[in-house]
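Asks: Pasting the relevant annotations from Swiss-Prot:
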- 39, 64, 65, 66, 89, 90, 117, 118, 132, 199: S-adenosyl-L-methionine binding site (BINDING)
């Protein structure tokens, strides 16, 4: 059962850095729906992409799986035999709830739910990899290495879905979309205090990049094709494709 997010409705004397702890995990479904514009669309479309890209006898990786929404969307759209999904997150609270969610929905495709660091897991025989609002929580200096590893672990013709909050090289556009996102949160019932306190906790741990920076990293990793396929305000998702004739 999901609870309503009221974590920041009262003043907090000492705001530390953001963590995905038990309190956040408990309200996460409500929090993300009210905070991330287009989240439900992205989750649904990840399933549609899975239907196109997941191949028989291959693996799908959900890196930073949180409560398993993307994993479940992928699994509902796998219609091949001998596939497996590996869902990994470093938050014990998220993983505990993710396991319960996965177990509640029976399907032929097995899911390995792993508590661990996405930087340490091997990517092998992958037809699809999902990074759904995960890369932005890694140190910027570590992001290229992860994308390189993903590219190497993808089979030819495989796909990476990379969803992120974006910054913008055009400051005027960035300011507009930032303000529209805050309007979105206000419309969903968040107060100015809640918005301000959450932003203060996130500012040191969620470091955003521009779409151009993401595309440059993907190209450097070896992806022959990448494009923004979804955007709402300063949130969006890219798909990057490994060529079918890649070595």
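All residue numbers here begin at 1 and follow the chain in the order shown.
Cβ from N, Cα, C; glycine included.
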Asks: Max Cα-Cα distance in Å among 39, 64, 65, 66, 89, 90, 117, 118, 132, 199, the residues listed as binding S-adenosyl-L-methionine?
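Replies: Binding-site diameter by Cα atoms for S-adenosyl-L-methionine: 25 Å.
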Asks: Which of the three DSSP-derived classes (helix, strand, coil) applies to residue 39 (S-adenosyl-L-methionine binding site)?
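Replies: The three-state answer is helix.
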Asks: What same-chain residues, at least 6 away in sequence, bring their CB to under 8 Å of the CB of residue 132 (S-adenosyl-L-methionine binding site)?
Replies: 42, 43, 46, 62, 64, 66, 69, 70, 161, 163, 237
Asks: Across all the protein chains here, work out how many other Cβ atoms are within 10 Å of the Cβ of residue 39 (S-adenosyl-L-methionine binding site).
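Replies: The answer is 19.
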Asks: Under 8 Å between C-beta atoms and at least six apart in sequence, can you list the same-chain neighbours of residue 89 (S-adenosyl-L-methionine binding site), or say none if there are none?
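Replies: In sequence order, the residues whose Cβ lies under 8 Å from that of residue 89 (S-adenosyl-L-methionine binding site) (at least 6 apart) are 20, 64, 65, 66, 95, 98, 114, 115, 116.
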Asks: Determine, from DSSP, whether residue 65 (S-adenosyl-L-methionine binding site) sits in helix, strand or coil.
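Replies: Where residue 65 (S-adenosyl-L-methionine binding site) sits, the three-state DSSP reduction gives coil.
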Asks: These are the binding-site residues: 65, 117. Which one scores highest on other Cβ atoms within 10 Å?
Replies: 65
Asks: DSSP three-state call for residue 117 (S-adenosyl-L-methionine binding site): helix, strand or coil?
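Replies: Reduced to three states, the DSSP call for residue 117 (S-adenosyl-L-methionine binding site) is coil.
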Asks: Through the lens of DSSP with three states only, how would you label residue 132 (S-adenosyl-L-methionine binding site)?
Replies: strand
